[in-house]
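Student: This structure is in structure tokens; I'll ask about it shortly.
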Amino acid sequence: MKYVVVTGGVMSGLGKGITAASIGRILINRGYHVTSVKIDPYLNIDAGLMNPAQHGEVFVLKDGGEADLDLGNYERFLDIELTSDHNLTTGKIYSSVISKERHGDYLGATVQIIPHITDEIKDRIKHAAESWVDKDGNHAEICIVEVGGTVGDIESMPFLEAVRQMHWEYGNGDFALVHVTLLPADTMGDLKTKPTQHSIKALRELGLEADIIVGRSNLPVSLSTKRKISSFCDVDVHAVISAQTAPDTYLVPMELEKEGMADVLLKQLHLESGKTDNGWYSLVARDYTSRITVGIITKYGVEDVYISIKEALKHAGRHLSTEVVIHWLDAELYTPEDLADLDGILIPGGFGNRGIEGMISAIQYAREHKKPLLGLCLGFQLCVIEFMRNVVGYWDATSEEMGAGTHAIALLPEQEGVEDLGGTMRLGDYPVTLDPASRLAELYGATEIVERHRHRYEVNPTYIDEIEAKGMKFVGKNGRRMEALELADHPYFVATQFHPEFRSRPARPSAPFIGFVKACREMKRKE
């Protein structure tokens, strides 16, 4: 196993995750099997209970792990599936070590950061890397490890010490360190290297040396700037990689390839360069022949909360040669005029009461005005509530989560008595059986599918017959549980309890999103 560790300096938010995912993609394009690990130095066990407005999207993995959004980038760029083992947090590491100490596993030793915490980190990285198998049964040859945060952060210190030990243990040929740093421009447009020099100095103080430096900038990095960084930071000039901001993140692997990243990295890892597979580049470089505008009705004002939805729309749009322009509409602030200008409406997932009535009003507008609609998770539940109120006749229909009224949406039976909120929802992959005559079955090309879930509530079985008698059909089920719905007399009114966006890939767009984008495009053509 060979390891590529990606660290960051100067400031957070530079795009380490996209850089790590892009490195994985160019290595796959050279014929290698690659997996990824993300280290998040926070004390939370996982991302499940973190405020999405602060942390961004909670990405759900196939085994039910609730992870950082970078795991979603890895899955999309590398076209792989990961598990909760591939997301390490300080909370997981310390919890495991303390549990082992209580169990007596350390045989009376004084438990310390070094060696016990660092050994736990290394063991978990190694386990995640070596246990991963792709859909064809291939084991990974290279593991990309992204260390969250910035070099110098106190939270990252045990992880960086573990990385230092890994470098010593594996040595050149099996280990490479890629450091992502900021190259800010002054008022004259010249890129400044001093922050990078200080960042490399901080890295050295921890016993680490960068093998490759990736300079993030809105401008191209000149050869003279690369030479300056090379001279001050002791890396080969060819190992100073320009990472100029790209108009589309899926173009980043192409830009890194042009900069020679793959050749430098493979040389460091003592691997053959191999022939580049250009399939990825043809996949992401398609031309658009049409354009649609989709409104996403949001509870949270941060686009990163909905990154998988945004990417799934992009995947479907590319597949259909249709550019998807997204209008982000606050559920509490939008107007009917905002909805009238859209080609389609998407209601995403979320929790809590805020913005719910605005989402329900948008669903009613889409139903009555025959505007394509896709509802996801909470969006699915709100479609049921809107229909119960305005068609079935229960004016006080609501969710048990929201308060008093007719509970069209009820708590899952297995959630009764659950006290801990973390990791206790219905999470991860579950099978869904589709009605063979449904639109979704046609889109999936199958009646038995698997999708990812994240919810505590479901359609109340008491009202299913009444709802279906009025024309809303539940076309996807898991046993007695309702998983998907459609309206027959509508161009595209589809909602799912599951999250199809989490399994969407550039090469394999999500079926509900394909249907949604296609319906939006047809609606626009008719206008």
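Glycine too: its Cβ is placed from the backbone N, Cα and C atoms.
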Student: In Swiss-Prot, Asp153, Ile154, Glu155, Lys192, Thr193, Lys194, Pro195, Thr196, Gln197, Lys228 are given as binding CTP, so which of Ser12, Ser361, Ser399, Ser438 is in that site too?
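Tutor: The record-listed residue among the candidates is Ser12.
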Student: Would you identify which residue of Asp68, Asp70, Asp79 Swiss-Prot lists as part of the ATP site it also attributes to Gly13, Leu14, Gly15, Lys16, Gly17, Ile18?
Tutor: Asp70
Student: For the L-glutamine site, Swiss-Prot lists Gly350, Leu378, Gly379, Phe380, Gln381, Arg456; sort out which one of Glu323, Glu332, Glu401, Glu442 goes with them.
Tutor: Glu401
Student: Hey, of Glu146, Cys377, His499, Glu501, which of those recorded positions are within 10 Å of Lys16 (ATP binding site), Cα to Cα?
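Tutor: Of everything listed, what lies within 10 Å of Lys16 (ATP binding site) (Cα to Cα) is Glu146.
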Student: What's the CA-CA gap between Leu14 (ATP binding site) and His499 (active site) in angstrom, rounded?
Tutor: 28
Student: Given the ATP site residues Gly13, Leu14, Gly15, Lys16, Gly17, Ile18, Asp70, which other residues of that chain have a Cβ within 8 Å of the mean position of their Cβ atoms, reported in sequence order?
Tutor: Gly8, Thr19, Ala20, Val180
Student: Look at each of the binding-site residues, Gly13, Gly15, Gly17, and point out the one with the fewest other Cβ atoms around it within 10 Å.
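Tutor: Comparing Cβ neighbours within 10 Å for the binding-site residues Gly13, Gly15, Gly17, Gly13 has the fewest.
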Student: Can you check which residue among the recorded positions Asp70, Glu146, Glu501 has the largest number of Cβ atoms within 10 Å of its own?
Tutor: Glu501
Student: Going by C-alpha positions, which of the binding-site residues (Gly17, Ile18, Asp70, Ile154) is nearest His499 (active site)?
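Tutor: Checked the binding-site residues Gly17, Ile18, Asp70, Ile154; minimum Cα distance to His499 (active site) goes to Asp70.
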Student: Which number gives the other C-beta atoms within 10 angstroms of the C-beta of Lys228 (CTP binding site), all protein chains shown included?
Tutor: 17
